[in-house]
Amino acid sequence: MREPLIHSSPMPGLGLSMGITLTMLSLVVLAPIGALVAQGAVMGPEALWAAVSRPRVLAALGLSFRLAFFAATVNLVLGTLLAWVLARYRFAGRRLLDAAVDLPFALPTAVAGIALTALYAPSGPFGAVAAGFGAKIAYTQGGIFLALMFVGLPFVARSVQPVIEEIEREVEEASATLGASRLTTLTRVIWPMLMPAALTGFALALARAVGEYGSVIFIAGNIPMRTEIAPLLIVIELEEFDYKGAAAIGLAMLAISFAMLLAINLVQIWSRRRIGDV
Amino acid sequence: MHIDIDEIAKEFGPTTALHPVSLAIPSGALVALLGPSGSGKTTLLRILGGLEFPSSGRVLFDGQDATGLSVQERRAGFVFQSYALFRHMTVFENIAYGLKARPRATRPPKAEIARRVTKLLDLIQLPQIAQRYPSQLSGGQRQRVALARALAIEPRMLLLDEPFGALDAKVRKELRQGLRDIHDETGLTTVFVTHDQEEAMELADLVVVMSMGRIEQIGRPQDIRAHPSTPFVKSFIAA
Amino acid sequence: MSELTLVRHPAVTEAPPARRVLIGLAFATLALFVFAPLAVVFAEALAKGAGAALQSLASPDARAAIRLTLTVAAIAVPVNAAFGIAAAWFLTKFDFPGKAFLITLIDLPFSVSPVVAGLCLVLLFGANATLGGWLVASGHPVIFALPGIVLATLFVTFPFVARELIPVMVEQGRAEEEAALTLGAGGWRVFRTVTLPNIRWALLYGVLLANARAMGEFGAVAVVSGKIRGQTATMPITIEMMYNEYLSVSAFSLAACLSALALLTLLVKTLLERLHARRTQG
């Protein structure tokens with residue numbers, strides 16, 4: 001018989017699973033991010049600010065976050081609509097539509113980039129139509145916006161859809177028996193229930209769009225100050241061996257992203273508290 | 001096998017699930033741990049089975065310290081509240097699991113395993129369901145399969161967590177008698193957890209009333225009914 | 001079907017015209033963003049016939065790229081699957097403080113730009129860094145070499161498998177594992193005979209997603225690979241190089257291969273979901 005041991009749990013594999021988890025997390029994620037933070041610490045706040053406050057950098061950061069925010073906002077609307085249609089209606093082709101929503105997750109960004117460019121360039125089928133109206137999509141900020149919408153499309157839909165499926169019909173029926181119109185029910189009863197999940201999707205789409213590179217660079221045109229996104233500027237600085245400049249932009253992106261995600265989290269906590277856990 | 005619980009206490013972080021409790025369970029007894037939810041009865045049962053480890057105190061099996069024995073070494077037949085049948089295995093595979101899990105040296109040959117499973121299916125009076133999956137069984141059938149699976153390992157004791165909790169009233173009555181029969185037939189020391197005082201009083205030889213992580217009273221059903229020792233016991237058995 | 005819905009819940013559905021408009025909008029959105037891009041990839045690849053497309057895939061650059069991408073995925077995906085299983089086991093089978101924080105750290109790669117991930121690796125392993133300089137001097141360069149590409153791929157696919165497994169394992173609870181333990185089974189046996197059969201579909205889907213992302217990753221790999229033709233250029237990197245050289249058929253042929261992989265991933269996902277739906281009903 002063994003000596004009495006102090007176990008916290010009889011479940012096997014504590015040491016092994018904890019060891020693998022923490023080791024991998026440290027090696028793959030924390031050490032590299034730590035290297036970036038360390039680089040920033042070595043540079044100091046003044047050098048960081050000097051690197052970030054260059055006009056070209058500010059323009060790129062502004063463009064990235066502005067377009068990512070617009071794209072995520074449009075996705076908030078379109079994604080909720082898609083989720084509603086997929087969860088509530090039965091129609092021919094629903095399964096196809098349901099599977100297609102996930103394609104931007106599965107399709108490599110470089111493939112999406114060249115495909116969107118082929119479609120929306122002035123010589124492409126959609127670009128030609130736009131050109132007929134005197135509009136240009138590819139190689140403008142409109143093209144970047146389109147690519148960011150593409151990569152963010154599934155996030156809101158996939159966050160909201162399960163929530164819609166779980167809403168009890170009786171809640172809506174109650175609203176109807178109380179004399180509310182359908183529109184009132186949707187805006188006053190349904191939307192508040194969907195909002196936390198929709199915001200989660202919005203945050204994910206935003207984070208993804210801010211950092212997106214592959215699908216954007218082909219369609220963007222990449223003109224400094226006009227259509228040059230922040231990740232591309234990092235790549236350019238690295239190719240010029242300006243590690244400090246690249247690190248400064250990278251840190252600025254991380255800091256702004258986290259500040260935005262924190263703000264979204266606070267809104268979420270606020271809306272959850274208001275309506276309780278749904 | 002007789003079981004001694006010696007000043008067992010259990011804390012989960014800042015909350016105390018069990019204040020030091022002591023209890024002697026005679027060999028072959030059928031014991032009910034009775035109490036409301038949060039009384040610590042399930043924690044005590046899980047400590048006996050080796051599924052939780054006490055913060056302090058000892059568990060003795062036949063006078064031997066068993067506190068440090070792993071859950072596998074305890075050989076306690078455990079019936080879970082939700083039965084925890086393996087949903088991807090047939091009834092036969094569920095019952096055979098413990099025998100197949102034995103080290104090669106003590107593992108019975110295939111034919112012997114099949115014979116024992118068949119015998120256990122007869123014991124629980126469900127000889128025809130060997131090839132079914134748990135999802136194809138009724139609640140009462142699941143409970144009996146869980147019991148057979150626990151018995152298959154030739155356990156040293158039988159521990160049951162709310163064995164009748166998920167069943168409707170009629171099935172519950174039938175299975176109560178079934179458990180009593182199996183206990184009498186195997187002679188195993190049996191401990192079950194319940195919040196239903198009628199069930200405890202009707203079925204058990206010895207009832208342990210618990211509340212807030214403490215043992216309020218230990219006694220035979222008729223003695224507890226006649227002489228409740230604390231106001232809590234009095235109100236609980238009156239309910 | 002829609003008539004049935006209407007009859008059963010007359011008070012809680014939109015009027016038929018509104019429904020038609022919404023369904024139409026959904027189709028239009030996906031046509032514009034999903035079906036058209038897919039169609040254009042295959043159309044451009046086959047613009048000069050299937051023979052030209054196949055020939056371009058047989059070129060040395062394309063073959064080297066395919067080989068490299070398969071190698072990277074063959075290393076990164078199993079490693080991430082092992083990590084995902086370990087992390088899900090650790091997070092769902094044990095109770096400890098700081099669990100939410102740990103999950104946040106595991107999810108961190110979702111909110112970090114792939115380009116920034118690549119930058120981080122360059123700062124840690126590049127020839128200018130202390131660690132990187134030492135590794136280069138000892139003949140084991142990470143950046144502009146296979147290890148860097150694998151690390152970048154591991155970073156961007158890090159949460160995939162764990163994310164698929166954790167909800168499934170939380171939902172299934174610990175009782176079946178505990179039952180197996182009381183029946184005398186050891187740790188590996190419990191995992192192999194009880195846990196694995198219950199999580200295999202989620203595991204498969206997580207592995208598929210991680211694989212699609214591993215083979216398709218562009219931003220992080222672009223930063224660390226150095227884009228050396230025939231050596232460190234993965235399929236997506238080669239697509240970029242060919243595209244920039246106006247080798248449209250070659251670029252789109254490789255893109256078509258990756259698109260087919262994406263479609264296969266979605267097909268398997270749909271099949272798995274249908275299987276799961278049937279099971280929970282039965």
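The backbone N, Cα and C atoms fix where each Cβ goes, and this holds for glycine too.
Listed in TrEMBL for this protein:
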type	residues	note
TRANSMEM	A:12-37	transmembrane segment
TRANSMEM	A:57-87	transmembrane segment
DOMAIN	A:61-264	domain 'ABC transmembrane type-1'
TRANSMEM	A:99-121	transmembrane segment
TRANSMEM	A:133-157	transmembrane segment
TRANSMEM	A:189-210	transmembrane segment
TRANSMEM	A:246-267	transmembrane segment
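Between the transmembrane segment (A:57-87) and the stretches A:12-37, A:189-210, A:246-267, the greatest number of Cβ pairs separated by less than 8 Å involves A:189-210. Sequence-remote contacts of a segment are chain residues at least 6 beyond its ends whose Cβ falls under 8 Å from one of its Cβ atoms, and for the transmembrane segment (A:189-210) they are 64-65, 67-69, 71-73, 75-76, 79-80, 148, 151-153, 155-160, 162-164, 167, 171-172, 175, 180, 230, 253, 256-257, 260-261, 264-265, 267-268, 271-272, 274-275, 278. Between the transmembrane segment (A:246-267) and the transmembrane segment (A:99-121) there are fewer than 3 Cβ pairs closer than 8 Å, counting only pairs 6 or more residues apart in sequence, which means the two stretches are not in contact.
For the transmembrane segment (A:133-157), same-chain residues at least 6 beyond its ends with a Cβ under 8 Å from one of its own Cβ atoms are 63, 67-68, 70-72, 74-76, 78-80, 82-83, 86, 101-105, 109, 112-113, 116-117, 120-122, 124, 126-127, 198, 201-202, 204-206, 208-209, 212, 215-216, 219-221, 226-227, 229.
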